[in-house]
Amino acid sequence: MLYGYNLAVVNSPAGYIKDFYNRTVVSRNGTGLNEEALTLMYSLTVSVFAIGGLIGSLMVGTLVTKFGRKGTVVNSTVLVFLAGSLMGFSRICGSPEMVIFGRFITGIHSGISLSVVPMYLGEIAPKNLRGFLGLMPSIFICAGVFSAQVLGLHELLGKEEHWPLFLSLVVVPTFIQLMLLPWFPESPRYLLIEKHNVHATITALKWYRAKCNIQAEIEEMQEEQRSLSSVETVSVWQLLLDHTVRWQVLSVVVINIGMQLSGIDAIWFYTNDIFENAGIPAPEIQYTTVGTGAIEIVAGLIGCFTIERLGRRPLIIGGFGVMGMCCAGITLSLILQTHVPFMKYVSVGCVVGIIAGFCIGPAGVPFLITAELFKQSHRPAAYTVGGSLNWMSNFTIGFIFPFLQMSAGSYCYLVFCVICLSVAIYVYFVIPETKNKTFVEISQMFATKEAVEESQALTHPDQLKLKKMNGYGSLENEEKQKMHLRFRN
């Protein structure tokens, strides 16, 4: 939720923050900032959140191994209180640096949480509910965005005097989490496979499972533990060099980069600017933005309640497909709106379509798939790779989108269109359906894919036929010998 809140919180008070920066520079230097310098400084405020997220995601592997999944989430809350204090007192201290540094620290916390929370949920969930719980983070991301949009209304915290409070409200849900989460058990998979604590595992499973065959679930975990008995938790470098998981790694790379380069962050960071360019009257923009936030939550709930029926692939392919078509639609509507007045409403509809398409699948499925494609030994490193690429792409979009918009104009959305459609095509041809599969079964599916490709690459088709013929021939001879012996007896 904090990740979603921090994505959207800078959208509404953007003008007030820029004025604060300009006034501070005037009081320090006697001269203000020009338009380009001010845009650059504000873009840094927006995108430094992603730099912090990148650093946080790189820490995930070490933190979850040392503190566990739940322990990492609990211990990282101190970052939010520090960041909230910096942003809340920034105007009193007359320091833009405190805003920027506060955004950086919230980014570190979000970078940790955005990887650890899906990992934790994926490991505590029974396999028939793994998809449902795996999409829960995307619901709360949407709820965080919606909260920021509602609180940013002029009637609430959208006034100039309230923006420091608006930025620092992240401490409230963090305090609630800090009061509740320590009472929950640690991930059973972590307790058994990494800590070898069977008693704690049984206790945690009894807590999380009202009606379930705990023995069968422990046996499935022990099977994975046995397969990893000679394998320690791999590092990022070892993961990248491991040819047995190359397709899983490539899939994580593609869907995490695609998730951010789809243009969704550009929509969230700069929603008001997009609606202004679309010709929406200024007094109506904030309410239009809140309306899109409500649609996000509805779309996220649709994805959450249909994933166990439809599976992962339809949601992510459909989501990226809808986003790609809507990006093309925005370009077309912005070009034609000077000649056709109702086109401004088409562009708003396309923005809504991009958000809805994202929240149905691409918002949460990449995190879920990252958990499902890897065994316990490879999962922390996989989340580090996926998370770091996710945040690097987030930073790239947040920083360059205003300049891309200035240089390419309406055509900038065509870049996002190509990326979305490319990811949808990749998922269609490469990533299998993982619904109701155990982690071991999913790994075996990719292992089979590797074996088939290697055999096709190394073995001539005629040789394969010859082997089959020889095999069948030997079986046939063995049967004849058995029949002959039975006949003699």
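Just so it is clear, glycine is given a Cβ too, placed from its N, Cα and C backbone atoms.
Features reported for this protein in TrEMBL:
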type	residues	note
DOMAIN	1-435	domain 'Major facilitator superfamily (MFS) profile'
TRANSMEM	40-61	transmembrane segment
TRANSMEM	73-92	transmembrane segment
TRANSMEM	98-120	transmembrane segment
TRANSMEM	132-151	transmembrane segment
TRANSMEM	163-184	transmembrane segment
TRANSMEM	249-270	transmembrane segment
TRANSMEM	285-307	transmembrane segment
TRANSMEM	314-336	transmembrane segment
TRANSMEM	342-369	transmembrane segment
TRANSMEM	381-404	transmembrane segment
TRANSMEM	410-431	transmembrane segment
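Counted over residue pairs 6 or more apart, the CB atoms of the transmembrane segment (342-369) and the transmembrane segment (98-120) come under 8 Å in at least three pairs, which marks the two as touching. Comparison of 40-61, 73-92, 98-120, 163-184, 285-307 by number of C-beta pairs under 8 angstroms to the transmembrane segment (381-404) places 40-61 first.
When Cβ-Cβ distances under 8 Å to the transmembrane segment (163-184) are tallied for each of 73-92, 98-120, 132-151, 314-336, the top count falls to 73-92.
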